[in-house]
């Protein structure tokens, strides 16, 4: 800040504000040797003129900037100043406001209110006119000059316009007289400015706009965090357009290949055109949205491993846990991973089929399958025990994969049984059902039981489905099989059917204890108890396959080094306590662990006192220097950086510095001891006592020294009982302090200056006065206490009055809070909701209100600070000033606990490696490729390989997508270094395919043509048919093979001339996309013509309608787009290519 003395700067601000701001910026820049654009003017306040500003990109300290601006003459600024013309009899010049021109006049603070719903509109349009009219009318009402009315401010509060101001009045005129005269004043000039807002002012337009964000894994993000994505898009769109969150009416999001598409519908002023909205959104970086983006974790597809044998159902029924554990261990051993990375999805019997996934493994699905097929699985087979059977004339079972008779074939079939309660029967007697069905089917065809295999049963909407394979004579057609199955009575199966008992829906409610180790769970619960409980409920429900509502209660408590949780769940009574506990023991509770964080190392709130009566002069004139000096000296005393000393408050009487120390391993006691013994020479060097003139006293004496060796200072307290002292304290605090001080001095027969540092506070039915008394050394503390008890304090009791019955009246006020910090914008991107909630909770606690009394919290990050506006409902007896002083004393510890510095990381970068056949390397050696890339990138940048985070690995030519953490280089410098680096290790892994072409010796990277007469072309062929989706799901590999072969045949080329073939179903059509290597002389039109002529008989031979009994579903995707002009699309966050 820079202050310019003078009473009449308001005239300059009203008439010439732009010139004033430009002059100040130019002169400040000249004083500091920077550009005027680096001087950011934040506010311009009048009384005397106070310019509030920041300087960007300047290496000077705040103290040095302040020193230079204070000594700079600012001739341009002062040249704009024009004082009012005043006529005072016998007065030659204006007198500074802090002094009274007449000893019989005093300054009084007052308020006048004007009722009207549209004062906010008038205030916004004509604030200067309102202030001028009010000041003139007030001065006229009291018959004084205009300079007797000062510091006039106006603000709109819920249907009223409030004017606050100071009036210089004769001392003989009481406050009651002032208020009476203000009520009589008509304020006609003020009311003449009042006008209702125009009806057309509220006119709004509603428009929809398309946004696009590139990224491979937006579909994965939407699966997990769709609601957050939509909410963040709404908030950031509103902020970018300067609207409220409620003005974003709708957000629709969808993931298309490699992108997120969003449609936002906004309500905005009709003067804002569509083009302006789109340009504004195109400039918006959507940082909070990008903070939600994350790459899909590495995992395999769903894989299967089959174990031959008829009697695995016995093992599954009696030893399922051992079977699953053995399979996980052996699969992990086969793949070289941890058993926890093997996720078992299903365990089906007939022969045994284990369905599983592998997490965090770089092998391809083919390589995993190859390794698991080759692995012996001795532990699994050791659990197998076949039934004892007696077959006449049969020596041994024949493996199912081979036909005993060349005239027999395997057929896959299904049989369905109707019945509402088959789900109950299946749950209770699955093994009996499978056995009865297998035997009945074998009997119906007159074959042995081993001719029926892979029998599985599942319940689908009122029907029990048996799927199985049957070895039948080749001469027996599928129609014959189906006919025989329909004739079979399946009496043994129906004999097992029974309706569910009436009590089957019975549920059990049980409570289970969970434990999570961790030093700092108590800290986590202090900050996020509600989130912890909610996450525990959601993850417990998911683990048990229940709804969230079935977790009836969650209780959590932090014990030393652990979190203990008790979850009460409602579950089917068939599920035993042991099964529930085993299931919960296997649950990883990943979302819960994501909430865990270590307690930051920081001291408690500490204080250091500096004796002296006149520190208020230093605080008023040199607060910044005082705070800087205290921080530097405290840091020197403790051996830490000044930035680790956080100054929370600075209180005067004697000077009391309230502070914390961050990142210091000392105890609070040790910090206090060191700061108490430190001399603080820099702090004391700023102290300047007032000059006083007392009879017999030559100069003021600092409070820490006694003026008389026979007198000492004593700290004491006096209490007054009464339920309504809080009301009296709120209404008449100054009178109470004055009455108490005078009565105490009178009780001891001393002057008023022998009683100092008097403070009053209300504590549960009592009013406490704390104060210091200078007493004769011969007078003991017991004597002091005795005399205080004898004192009647009549003047204090005279002020006591019960609160009026209407005391419950509430006021709603808004207050601004500021918190310094470089990275609040980063904190808000990640935890805006938490910040707002914590601000609300701590504000309520500081003011002694309920959480619901904090009606609204708005937060925004400005350069190097967090600005918050809190709207609170509080007793109307509590003034704005009292609320603001209370909030200024609040430390907001929980809010600061959310603060964290932005991690240093690069943007998403890419490095391309040319070559056609990198897919071979990725499939067979991905882990080595990624490690080699990380090591070489780290070597190129001079960082650790662990700082290189690989996000994606895409083939065609090879494209490595990565970030670098903790590296001070710019993105451009990282890109330059990685582009110049040879990457020998990476290229050493490259092995091109061996190709045989007439006249061609070796494979050539894709960017070059192996034959100057051949080129690659991307094409598409479509096949119409409603059931291609069913065929694609059942026989994708066969379709791709048939299409590739037919295409190669149509062009008379080898199969490797057709590559990158993919198939997808789109609304009644099957689309094949592929690349074809064709002679350069063959045009694209020729290619398309030949594709149309091709019959693709092998593809059409695979087409079949879906079975009638299949529940037909439709899955459709629809894109909606709004284009402003042909050929352009608006992408958020900058141009995309």
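From the backbone N, Cα and C atoms, a Cβ is placed for every residue, glycine too.
If you look up TrEMBL, you'll see 2-83 (among others) marked as domain 'Flagellar attachment zone protein 1 conserved'.
Confidence for the domain 'Flagellar attachment zone protein 1 conserved' (106-197), expressed as mean pLDDT, is 89. Residues annotated as domain 'Flagellar attachment zone protein 1 conserved' in TrEMBL: 106-197 (among others).
Among the features that TrEMBL reports, domain 'Flagellar attachment zone protein 1 conserved' is placed at 206-296 (among others).
The domain 'Flagellar attachment zone protein 1 conserved' annotation in TrEMBL covers 305-386 (among others).
What TrEMBL records for 409-500 (among others) is domain 'Flagellar attachment zone protein 1 conserved'.
Annotation source TrEMBL lists domain 'Flagellar attachment zone protein 1 conserved' at 509-599 (among others).
According to TrEMBL, the feature domain 'Flagellar attachment zone protein 1 conserved' maps to 608-689 (among others).
Summarising the annotation, TrEMBL assigns domain 'Flagellar attachment zone protein 1 conserved' to 712-803 (among others).
The annotation domain 'Flagellar attachment zone protein 1 conserved' is assigned in TrEMBL to 812-902 (among others).
Across the domain 'Flagellar attachment zone protein 1 conserved' (911-992), the DSSP tally of helix, strand and coil residues reads 42 helix, 18 strand, 22 coil. Positions annotated as domain 'Flagellar attachment zone protein 1 conserved' by TrEMBL: 911-992 (among others).
According to TrEMBL, the feature domain 'Flagellar attachment zone protein 1 conserved' maps to 1015-1106 (among others).
Most Cβ pairs within less than 8 Å of the domain 'Flagellar attachment zone protein 1 conserved' (911-992), among stretches 206-296, 509-599, 608-689, belong to 206-296.
In the domain 'Flagellar attachment zone protein 1 conserved' (812-902), the DSSP tally of helix, strand and coil residues is 43 helix, 29 strand, 19 coil.
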